[in-house]
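So that you can see what the record holds, here are the features copied from TrEMBL:
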type	residues	note
COMPBIAS	63-72	compositional bias 'Basic and acidic residues'
DOMAIN	39-307	domain 'Calcineurin-like phosphoesterase'
REGION	54-74	region 'Disordered'
SIGNAL	1-18	signal peptide
Amino acid sequence: MKKRTLWLAGLWCGQALAAPPQVVLHAAPSTSDRKLHGRFLHITDIHPDPYYAEGTSQSSQCHRKEPSDNDQRAGYYGTPFGTCDSPWSLTNITFEHLEEHWSSEIDFVIWTGDNARHDEDHEIPRPLDEVFALNRAVAKKMEDVFLKKGIPVVPSLGNNDVWQLSSAWQRTRNTLSPGPNEITDEFASIWDAFIPSGFKTSFRDGAYYALEVIPDALAAISLNTMYFYHNNKAVRGCLVGDASDPGNLQFDWLEEQLEMFRARQMQVWVTGHIPPSDYHYFPECYYRYAELSLRYQDVILGSLFGHLNVDHFYFVEAADLNISPEKDGMVPHSSEGTIFEALMTNFKALAKGSKHLNYDDYAVVTVSPSLVPNPYLPSFRVFSYNISGLGSTTVGAVGEDEYLLMTKKERASRWKHLPYRHGNDGNDGRQCMGAGYRDSWRCKLRPWRSDSHAPSRQNTLWTPLGYAQYYIPQLEEYDEKDGPKFKLEYLTFPISSLHLTEGPVPLRNLPKSLREAGVTESELAPYELRDLTIPSWLDLACELGKPREKKLRKRFKKYMYMGGEDI
């Protein structure tokens, strides 16, 4: 095993080695010459803790020994199913593993925030300079392992990456004021190598940007979800008519970006930290997110988020935009019961109406589990996407590829002839005249068109095909002399696809039980989804929604919580 370098040395000086900045349209030569793999990494919620100490008590956030504490003691590489953050040993070994096994196999990295410890230990408060220093340390690792090899990295701001002082000089959690401010300025510096040159100035205004990870073909949009988050009391919640609200400004910008990418016939991944829902977002922010997700379903391949540390997926639905006084008076479903129970309730409703589902009415949100073993196990996932048909084998040549240009031309021609629908069709015009709804985004919906042949709907160029998820089981058994290894937890692909030429997962990163052709069944392939299009996700949801599918539900729940307790 390679010798591990501790990051803690020099952490507080806040220095990071320079790396070539990412650009929107003109990639550096090293980026252009990279082989195109059709894969990308999603990693989230790393939460390194410089005060973590082996053998300490969870009641002290694994910072001190508490004599009366009978809980599991802190392990060398972390405390599984616990309440503590990540030791540097776990963070280091994760990046060593990614460099050795994946840095030569992926095209870009989605990194969705929370790179500082939780502020839960009142004896060791978390100051802002520590938050910045921890983020600089993780950013340097991202630069060394990926960016210096020409692999684009797309970071997003997490709720634990920010806080500010109130007028009484008290720390305020989950708070980010409209930019520019100290936090957006500092992250513009920390992520200088990651932010495209065309967004460096605007990033200071709101900490969001877009990056063409494959120039002229595929982009990632990094949202600052703190401006939508209902716990952020420094913003006003995307109210209609509030043009200066940072949430509204961000959605206006997002719409411009999506319209521009549509005009260029590009595809987009939308990324961020806090996943969109009527429970986590201000209501009007959620309505804007849902409307844009559906109106640009032909452009958006999917939405990737973290924050909840629980592996799951769900849907943004057109029905969420309908006005229903009865529903509006109810408690948001996500606050009742566990996440699993809420999902099964929603999936059961989908299953009952499965014969009448209209794919135009749905967008998919996937939430990845965390690297921090709080409250489960360290994890990351690698997505595969469709690059078949391209004659180009390097990233820089894709933009001028004949097959890509032909595909763009066909999509543009088809788009011109698609009919408009939706808008305010689901709402009663009389209700929109009432004071309670007149100033809601649900009464300001624009008509939109949907393309059943878009990559989010049909397996074609750039369509997400599936993912493989890796984790560290038995984390507590490892020590300094015996380091842990990431293992495949499960994958979504059909087993039959694993041994195709240029398969979705490099054979060397599969367990021995899946490396040889002829295997037809495995617990590691519980879903065997043909792809990750909206129809495929809805098919899986409908199957899970059937009460008789007890075995499938049990597997889903097992992977969702990694064998731990429900939350």
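Backbone N, Cα and C atoms are what each Cβ position is placed from, and that goes for glycine too.
In TrEMBL, annotation is done automatically, which means it is predicted and not curated.
Here the structure is a predicted model, which means the values were calculated and not measured.
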Distant-in-sequence neighbours of the region 'Disordered' (54-74), which means Cβ under 8 A and at least six residues beyond its ends: 82-85, 87, 117-118, 120-121, 123-124, 476
DSSP helix/strand/coil residue counts for the region 'Disordered' (54-74): 3 helix, 0 strand, 18 coil
Per-residue pLDDT averaged over the domain 'Calcineurin-like phosphoesterase' (39-307), given as an integer: 94
